[in-house]
Structure formats: structure tokens, C-alpha cells
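J.: Shown below is the structure under consideration.
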Amino acid sequence: GTIHLFRKSQRSLVGKLTHEFRLVAADRRSWKILLFGAINLICIGFLLMWCSSTNSIALTAYTYLTIFDLFSLVTCLISYWVMMKKPSPVYSFGFERFEVLAVFASTVLAQLGALFILKESVERFLEQPEIHTGRLLVGTFVALFFNLFTMLSIKNKPFAYVSEAASTSWLQEHVADLSRSICGIIPGLSSIFLPRMNPFVLIDIAGALALCITYMLIEINNYFAVDTASAIAIALMTFGTMYPMSVYSGKVLLQTTPPHVIGQLDKLLREVSTLDGVLEVRNEHFWTLGFGTLAGSVHVRIRRDANEQMVLAHVTNRLYTLVSTLTVQIFKDDWIRPTLSSVPIANNILNLSDHHIIPMPSLKAADNLNPVTSTPAKPSSPPPEFSFNTPGKNVSPVILLNTQTKPYGLGLNHGSAPYSSVLSQGLGMPGMGAAQGFRTGFANVPSRYGTNARGQPRP
């Protein structure tokens, strides 16, 4: 192959953005958005010039809505780009969160513009300048026409979803109350005003109405302070409309579970826990990956004799109706019950002289003790449960054979060793008598350790 002496330099950030823009521009669906974006820039330029000539801060606040329309067009382009891109090793869940980030940034910038208008309005209340109404009404209708034409002509999927999924703003609630009263008189308008209006169309109409009232009051009474009041009203409406959308998109970015699907998820998890072979469902986590896309992961513990592929198929089939991107980890039960031998005991095992036994004392009276567990016996209490690794009441003691060969013919006695003899060798336990015997692992310890000077066993 060809040998390259110098490595090709990595593409810069501007080069990467240019490459992605060409990828989006290659789709004919984006040409319409690019055309509206160019017209929007021209309209913004004219509106800013008219704001400067009229000295109206209310028209400036309304112009910021046109700038927000430009952000929405950019978000729509990003949505088209997301549909073209496929998941990569770096972005294993795809690029859907980019359009969520675009919606969040657009709404936050609109709120920052509203805060800037509020600050300027407070300063104007201290010293109110004169307002020229020559192009105030023209700018209002130009901005209104372009905003409505853009919102109704471009199908903006991210903002359409957010406007329906987010909570209603205070402007929508007041207009909804008014619409119910109007629809009670004229039922034919219910399809337009109910259940709730589009928040972007509503704020455009409300802002234009405030500017028309401003123009009329200034022309009639030269009441210039109404321009500042209208600017505050438009800023508050902008902030109140964009805030619920920022909260909703911010929760999506924080990977929270949508409140409206929590009940459905609980129902599906209960159904999964009742499937054949499923013992436990744990470590479940579900979050919103993008607008209308729910991702999740869950651990499922199954029986040791269950079919993993069958359980995986059933679990995925149940959860896939709600969770489109799902990760299920199946693991079998690792709990093992200790097996007890049921082999019958030979007759020679009962001969205690063949085994080394260290007598162990009783801590209480023999009539109050359980011979196996050394615990007070309670006839009225049920047998202990879940005692898997400890000897229980119903477990028979297992006696192991001594494999040591007896030295027959040497005159050594192989009986049971007294407890005092064991104490003399340091193998005993203090404060314990000889009431019950247990086997020991010392195979080379003789049964009798010696006698005293009188020939009697040591006490």
C-alpha cells in the first residue's frame, strides 16, 4: 500500500461543522428551513432598525420573539441532522439528546432576553424617553405575520412535542378560562380554542395586541409610559411561556423518569415479576433519552432451571411496548442449599472406643437444652427457618470414623479421655465440664495422658 510520511491532520471544529452542515443541506427537506432562516435574518435586521428609530422598547421585546423563531429553525435543522445520523461507539444511544439540548438552549436564551427587557424597562421608568410611532405599527404587523407564517409553515417536531408535553403556562391557563366562556356562547369555536392553544401562536397574538394598544394610547394622549408597560407585559409573557419548556427539557437532560409513565412502568414491572421462572426484578432504571424516546435497564434473577433466552424474550416483549431502548441482564439464582447425607450409620460407628471424643460441658441444665444446638428448647415455638449453614433441630449429627490404626498389643488403653487430662495439654476450654461429647480433629492425641504419683488418673 501507499506509505504516508506525514499523518493527516485532524479536522478542526469549523471543518467538522461545515461537513455536518453540508450533510444536512444535501436533504431537500432542509431547503425550506434554510430559506425561512434567510428571510428571518432579513426581517430581524429591519425590525432592529425600526426599534432604534422609534425608540420603543416594546417593539424590541417583540423582536426578540422573531429571534426566538430563528433559534427554532436551527433546532429543526438539528432534528433533521439527528434523523440522518446513526449511533456510533461514542454515542451508543444515538444523537437524540442534541435536539433536547437545542430546545433547552433556545428557551433559556429567550428567558435571558426577557430579563434584559425587564432591566431596561425599570431604567426607563426613572426617565421615560419620547416614543415615535411612525413605524411602530408597521413593525408590529411585519413581525406578527412572519412569526405566524413560520410557526404554521414549518413542522418543528421538537418544539411541537415540548409544547404538548410541558405544563401549561399562566397565559395559557387564563386564555383557556376565557375560551371556555366564549365556547359556551359559540360552541363552534371549541375546535380552535380548546383544549389549549399553541403557546407560540398565543404569545405572538398577545404581544401584537399589546403593541396595538400602545400605539393607540401614544397617538391619542402621548402616554409614553405605556410603551414601557407593554414591554414588561411582553417580557413576562415570554418568560412564563418558555419556563415550563425549559423545565421539561432540563429534566430530560438530567435523565429523569417522566411522571406520566411511572404508573405504566410499575404495572409492567409487576407483570414481569409474575412471569414463569422470574424470581426477582431489581436495579431498574428508566429515563428519557429524547423527546418521546424512553430508555431503561433492569436486572432479572431467574431460577436455576429456567431458560434464559425464553425469559429474556418475555421480559423484552412486555417492556418494549413502553421502553424503546432496553437493556435486560439475566442471571440465574446463585443460592445453593447444603446437602445432607442420608447414608445409614454403620454399627461399629456406635462404638465410642473407636473414636476420639472430647467431652464438652453443658451450659444449663440438661432437661432445658437441645442436644444438638445447645439452646433452650421451646416446645411451643416452631422450628427455626432459613438456618441453611447452621445445624438445625432436624439435622442428625454426623460421626466421622477415626482412620488412625490402634497400636494393639502395646498395653495402651484407648478409652475416652477425661476432660482434666485435656486441660493439662492445653487443648481444653476453660469452664467446661463433661456432659456432651463432640468429635475433634486431633488424630494423634492419646486417650489417656498419664497418671499421678499414686497411680490414679489425674482429676
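Each residue's number is its place along the chain shown, starting with 1.
In case you wondered, yes, glycine gets a Cβ from its N, Cα and C as well.
No curator has checked TrEMBL annotations; they are predicted automatically.
This is the feature table in TrEMBL:
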DOMAIN    34-254  domain 'Cation efflux protein transmembrane'
REGION    370-390  region 'Disordered'
TRANSMEM  31-50  transmembrane segment
TRANSMEM  62-83  transmembrane segment
TRANSMEM  95-116  transmembrane segment
TRANSMEM  136-154  transmembrane segment
TRANSMEM  200-218  transmembrane segment
TRANSMEM  224-243  transmembrane segment
J.: Can you say which of 31-50, 62-83, 95-116, 136-154, 224-243 has the most Cβ pairs under 8 Å with the transmembrane segment (200-218)?
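T.: Counting Cβ pairs under 8 Å, the winner is 136-154.
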J.: Using a Cβ cut-off under 8 Å, which residues of the same chain at least 6 positions beyond either end of the transmembrane segment (136-154) come close to it?
T.: 32-33, 36, 39-40, 43, 46-47, 50-51, 54, 56, 59, 62-63, 65-66, 69, 72-73, 76, 198, 200-201, 204-205, 207-208, 211-212, 214-215, 218
J.: Out of 31-50, 95-116, 224-243, what stretch is closest in contact terms to the transmembrane segment (62-83), meaning most Cβ pairs under 8 angstroms?
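T.: Ranking 31-50, 95-116, 224-243 by Cβ pairs under 8 Å to the transmembrane segment (62-83) puts 95-116 first.
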